[in-house]
Amino acid sequence: MISIRCIRCFLHFSGISEALNRLRFTLELNDLRSADVVIEAIVESERCKTQIILRTRQRSLKLLAILASNTSSISITRLASQTQRPSQVIGMHFMNPPAIMKLVEIIRGTQTSDEVFATVKALAERFGKNIVCSRDFPEDIDMGMKLGTNQPMGPLQLADFIGLDICLSAMKTLHGGLGGDRYSPCPLLIQYVDAGWLGKKEGRGVLFLH
């Protein structure tokens with residue numbers, strides 16, 4: 001059995017104790033008035049997030065404070081539209097569990113300012129995170145898959161290594177056997193194969209450009 005004293009020693013020497021001492025807990029939104037950046041990370045419900053963002057943005061934050069939402073699926077533009085300063089609202093989605101996963105997705109709403117985006121990007125980099133950036137829709141597919149799901153390579157890089165012609169043949173087989181539009185080969189894949197851009201073996205593909 002590990003004693004409480006041993007645990008305290010571990011926390012002290014690992015630096016965790018120092019980090020915990022910097023945390024401040026509160027149930028009062030007004031305690032956020034001095035914050036430059038607030039990251040909302042409540043339940044993934046647009047109704048709940050809208051309520052908390054509306055209350056926080058209009059009553060509890062200083063004028064130029066940045067309000068970031070940890071949402072993985074809700075439109076930042078819609079959330080920001082509920083506030084009086086939509087330019088100060090942005091998405092900052094930490095892959096779970098944040099202490100282990102290295103990826104942060106930054107999502108710009110339609111009205112998110114360049115200054116807010118730059119500040120949040122720099123903050124994520126200070127956290128030691130790798131960053132993918134979106135404009136309220138998915139981007140950076142391979143980086144997201146590698147860092148967000150711990151895959152050795154993303155699906156586009158993998159397709160280049162396999163050969164786009166082989167991928168197309170496999171998709172045609174699946175489509176023929178299973179039917180349905182979800183298995184229909186992507187028109188861009190067909191276009192690349194028709195152009196002879198077959199991936200790594202030809203030096204030109206989705207990611208291989210030489």
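Each residue, glycine too, has its Cβ placed from N, Cα and C.
As given in TrEMBL:
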DOMAIN    16-136  domain '3-hydroxyacyl-CoA dehydrogenase NAD binding'
DOMAIN    138-206  domain '3-hydroxyacyl-CoA dehydrogenase C-terminal'
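Residues of the domain '3-hydroxyacyl-CoA dehydrogenase NAD binding' (16-136) grouped by DSSP class, helix first, strand second and coil last, total 46 helix, 25 strand, 50 coil. For the domain '3-hydroxyacyl-CoA dehydrogenase C-terminal' (138-206), the DSSP counts in helix, strand and coil order read 46 helix, 2 strand, 21 coil.
Mean model confidence of the domain '3-hydroxyacyl-CoA dehydrogenase NAD binding' (16-136) amounts to 88 (pLDDT, 0 to 100 scale).
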